[in-house]
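Undergrad: The structure is given below, and queries will be raised subsequently.
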């Protein structure tokens, strides 16, 4: 939003300079992007009149003029501008004048004719880039008046960034309101008295889309002179706001747009067939716009139409057929309130961005239309003449926005600002903002003004009070809070400790999306029900994950595709499982999962290449589980998981409760996911492990330990873990260590059986064990194994 500082000061004129004004606007939340003078630095340029204008005797493109600047004599000035003519009021740089670029005017001869000055164009005075001709001033411009004073060139253009919530500041009136509030200054609105209708002409207006267009005002103005020149003061204001003058009718609608922030449109009334209809477009309907382009419309686009065709896209762009041209005599002025949702996105769909769409998308004051159409009518009649009919009002109060009533509590205000503002100041600020305020016990009820449709909740009022009070007036206060010592349970095992261990073992932590591809998830968890997102980022991210494996395996594939074949990664995060017993029907479990693949070690000249296997991952996992103090209660049991190899996987149990899985990815899944080589995964429900068993200190025996090795033959389907567990149970007082150190199948062992070599470490804390005691304990272990598993000692 760009505007003239002097135009703003016509509405409100605080006793501060330009820099202070710009800083104040910025601190109020409307960031000033730039302040620039409207003209270059010059002096000695005055208003003059061309009294005589004759052809230069020695040059075809030059003219010899006599110019009256209000002095004792006429000045002889040679001019080359094509629009120079007798009777024209012009800007004259007299001898001694200094123009932008330090260009000094001196008496000279041009092709033999004396020249005592220069007739200036806008570009020569640094006002604009227009160098097509000299400046043409109004006929009533007083001779000899300094041009800076006459055109009010001691002015600045101020450009601000208007945030989407402050659409009310997309007009001079909105910025002026804020400046008036900040300075406690009166707002001086220009006179906008209603225009008395001098004709009774109207036009039938029908609003079919009442939700999209709650209010539509129209007014017929007949007998205008569309070719009447736009006054220089209006052209200058438009120029300083970055708007090029086109013709009087368009200039008037642009002027009120900039002044009040309300878009308008003018139709050639004689080219409207039957009347105006505000409706939704028909699918595939076309309209030729004012720029000559053809737009093909969708059924959700609001259009202004007559009884046979669309005349334009509502709130965005008018149509060529009903546009005002040089032959127009009768116009229909349109001023409407369109629901922002009916305009949003439609302009971009057709590659358009107009001042009107910019404002309508953000919202305009629903109570501003009457004031705007009266203002535009008066300006149009003053410039183009003609007669105005009555205002045609088609409004639907039920669909117009309602003013919000908001309660502001003293406790909320003080808590969010961190500073106490006196009650009377709060009330005064709210009233200056345009709110209707009712004061209560430690609270205020405020009805937001129609132009502040961004005021909806209590926090909005807190923001407004702080903004107007001045952020710089809120003192810095150190935060005061009691120091509360956090409780620490020795039994709590932090994930940070687990992550550190995995890092030490060469794993890298990754974070993957909770949104996964439902097709991939079905491959990993066939038949499992997942939560599907109603509005996903993409189809490939439309399901909530049932485990962390989806993201981890995708990460492995990503790395393998980039020649990273040795991968060790882990992740902690939530899985989302549909569960009717859980809150909102979703159970969220904190999981710890990891993946390894590739070589066991980094490439080294002294190490043979060995691919990781089940026991590499199991060993790493046991190290993690050992941190919990529950490793002794952990069992790995053969159990089917559709994502894992049936012969190289296991379920992980904590006592009798399953808490996870470990194993090699199923070859079929490996193929479908494009994994390169054997890949191993694990996953644990971390919440079931986080409460660790605190280690108990115990005496270290001073007596020697004894090792005895036994080899027992058992059926192939007997888990080695059960054998070890049974040995520990039998020798609970004296067996301090049990370890499986060899598994043998082959000669001497019947098919379907295996030989397990087990070491038993026996030790007592009070005495040295006798050989008889050791032998008896070993015999008890062998007997227990024989009884439970039909084990036999291998010869």
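Yeah, the Cβs are placed from backbone N, Cα and C, and that goes for glycine too.
Here's the feature list from Swiss-Prot:
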- 39-148: domain 'tRNA-binding' (DOMAIN)
- 401-476: domain 'B5' (DOMAIN)
- 454, 460, 463, 464: Mg(2+) binding site (BINDING)
- 701-794: domain 'FDX-ACB' (DOMAIN)
Undergrad: Count the Cβ atoms, other than its own, that fall within 10 Å of the Cβ of residue 460 (Mg(2+) binding site), considering every protein chain shown.
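TA: Here the count is 18.
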Undergrad: Within a 10 Å radius around the Cβ, which one of these binding-site residues has the most neighbouring Cβ atoms: 454, 463, 464?
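TA: Comparing the binding-site residues 454, 463, 464, the most crowded Cβ belongs to 464.
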Undergrad: Sort the residues of the domain 'FDX-ACB' (701-794) into helix, strand and coil with DSSP and give the three counts.
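TA: Per DSSP, the residues of the domain 'FDX-ACB' (701-794) fall into 30 helix, 32 strand, 32 coil.
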Undergrad: Taking the mean position of the Cβ atoms of 454, 460, 463, 464 as the Mg(2+) site, which residues outside that list, in the same chain, have a Cβ no more than 8 Å away, listed in sequence order?
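TA: Near the Mg(2+) site, beyond 454, 460, 463, 464, sit 165, 452, 455, 459, 461, 462, 467.
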Undergrad: In the domain 'tRNA-binding' (39-148), how many residues does DSSP call helix, how many strand, and how many coil?
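TA: Across the domain 'tRNA-binding' (39-148), the residues distribute as 5 helix, 50 strand, 55 coil.
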Undergrad: If you run the three-state DSSP split on residue 460 (Mg(2+) binding site), which class comes out?
TA: helix
Undergrad: Give me the DSSP three-state residue breakdown of the domain 'B5' (401-476), ordered helix, strand, coil.
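TA: Per DSSP, the residues of the domain 'B5' (401-476) fall into 33 helix, 15 strand, 28 coil.
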